[in-house]
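Asker: Dumping the structure here so I can ask a few things about it.
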């Protein structure tokens, strides 16, 4: 499927995310995030990577196909720094989304919708 000019190339991965600024209706570009895996016995989090969203509010796949393992993961989005850069205060200094991968073969997409005073996430496709 050809893509329109200016659109980010979507790269397949077993775990991806997308952040949308609902106050403007635009992608949240330049938002720092990290992915961690819960170690058992624990609870202890092991950080796996850090990324930053591109101009389309996306980043390279967080886990490439075949990289995911069953377990509990945490995506941490640094929302306060993002809003501060835009000249806004933020009620939430960061957003942590904790989720479980039960079938590592399935693709998992976690969108995050943010405003200075709210956030929403869901299991995407």
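Even glycines carry a Cβ here, placed using N, Cα and C.
The substrate binding site annotation in TrEMBL covers 18, 58, 122. Sequence annotations record features per position, and here TrEMBL assigns domain 'Transthyretin/hydroxyisourate hydrolase' to 11-124.
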Asker: Can you tell which of 18, 58 has the most other C-beta atoms within 10 Å, given these are the binding-site residues?
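Answerer: Of 18, 58, the one with the most crowded Cβ is 58.
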Asker: Counting only residues 6+ away in sequence within the same chain, which have a CB under 8 Å from the CB of residue 122 (substrate binding site)?
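Answerer: Looking at Cβ-Cβ distances below 8 Å from residue 122 (substrate binding site), excluding near sequence neighbours, one finds 110, 111.
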Asker: With the substrate site defined by the record as 18, 58, 122, how many Å span the farthest pair of C-alpha atoms?
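Answerer: Greatest Cα separation within the listed binding residues comes to 16 Å.
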Asker: Helix, strand, coil residue numbers for the domain 'Transthyretin/hydroxyisourate hydrolase' (11-124) per DSSP?
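Answerer: Reading the DSSP string over the domain 'Transthyretin/hydroxyisourate hydrolase' (11-124) gives 7 helix, 55 strand, 52 coil.
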Asker: Pop the mean pLDDT for the domain 'Transthyretin/hydroxyisourate hydrolase' (11-124) in here, whole number is fine.
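Answerer: Computed over the domain 'Transthyretin/hydroxyisourate hydrolase' (11-124), the mean pLDDT is 94 on the 0 to 100 scale.
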